[in-house]
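Engineer: Let me begin by handing over the structure; questions about it come next.
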Ligand code: HEM
């Protein structure tokens, strides 16, 4: 097993398990038509206000990807956590005021594991954008573009980002728990939560495909290794070889809280559909991921995404990100602002 240290705060262990048990493929049965809710976002929103915007952000994201590739999963997850709480409005970037009892979103328990590399990428991109286009570009748009850039840099699709989001004027930690799913969320809970954001069952499965890159800390799956649902036994839907490997890295007690393992155990560094093929062979790391293969509502979509040709997944992923990026978008001075420092309200 190789040991990889990507940041001083966490030691990331990774391993390659090349499970090739064939999975049967089924037709996509979900008949939901995507509910489009792009509001007034547009691809050319900054064509006059800041024509070089995407190049400016691109120069930061490509540099960060070279220096600290973990910035990719970190920023993609940051965007998800922003959009699901109060909409895609940059509220996740706000820092709690010194001495204030009112904690900002990022202080919530569910956000504690959002990596600094994600926040840093946005702060750096914002600084460069401000130097060229002062007070014209929202932090929420910068986050949306940076997330897309990182997806592409990691091998995922390049899709057009619709822009025109304004930054929100609220960021409250207590709003987070009911809006961010956990590793032990049931498929029922996930479907309901995504539906509450205007996203379909297909969007849920496709967007979960972002777990094709990135890592999870032991505490998010340790229950599956030693005491699945109070049975004092491991999860029967976990590949025995993977179980052995995971137990070595995440002991029952005394393990390091900094250890994190790849969410996609087959191809952990490539944005492909390996996450979905992995679910078909019981290689899912999180209980909430493996559950997508066990539920009859989501399994056919997992199988469809796992098909040999990853193009189907990549296209669907770009479209689903576009939809996620338009959740709860704010426009105008009444509801929003264009922050100059993403960490503080104007
Ligand atoms: C469907 C429900 C979802 C659940 C229950 C879930 C849960 C989690 C958990 C528990 C982790 C590990 C965090 C850690 O231990 O550090 C994680 C990581 C991650 N999630 Fe999700 N997630 C979900 C959906 C999504 C979506 C929709 C996206 C993006 C579109 C996303 C992107 C990511 C990424 C990129 C990582 C890796 C982060 C890193 O390595 O820093 N997740 N997720």
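Any Cβ shown, glycine's included, is placed from N, Cα and C.
Given the structure is predicted, the values throughout are model-derived calculations rather than measurements.
Here's the feature list from TrEMBL:
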DISULFID  50-133  disulfide bond
DISULFID  83-88  disulfide bond
DISULFID  139-342  disulfide bond
DISULFID  218-250  disulfide bond
DOMAIN    40-346  domain 'Plant heme peroxidase family profile'
SIGNAL    1-26  signal peptide
SITE      77  site 'Transition state stabilizer'
Engineer: Running a distance check here. Ligand 1 versus the disulfide-bonded residues 50, 83, 133, 139, 250, 342: which have CB less than 6 Å from one of its atoms?
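Structural biologist: Not one meets the Cβ criterion.
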Engineer: Compared by Cα position, which of the recorded positions 50, 77, 88, 133, 342 is the closest one to residue 250 (disulfide bond)?
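Structural biologist: For residue 250 (disulfide bond), the spatially nearest of the recorded positions is 77.
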Engineer: Please tell me which one of the recorded positions listed here (50, 77, 133, 139, 218) sits closest to residue 88 (disulfide bond), measuring Cα to Cα?
Structural biologist: 139
Engineer: Name the one residue among 77, 139, 218, 342 whose Cα is closest in three-dimensional space to that of residue 50 (disulfide bond); these are the recorded positions.
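Structural biologist: If we rank 77, 139, 218, 342 by Cα distance to residue 50 (disulfide bond), first place goes to 139.
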Engineer: What whole-number Å value do you get for the CA-CA distance of residue 342 (disulfide bond) and residue 83 (disulfide bond)?
Structural biologist: 15
Engineer: If I take the alpha carbons of residue 218 (disulfide bond) and residue 83 (disulfide bond), what is the distance between them in whole Å?
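Structural biologist: Distance between the two Cα atoms comes out at 26 Å.
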Engineer: Which whole-number mean pLDDT does the model give the domain 'Plant heme peroxidase family profile' (40-346)?
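Structural biologist: Computed over the domain 'Plant heme peroxidase family profile' (40-346), the mean pLDDT is 97 on the 0 to 100 scale.
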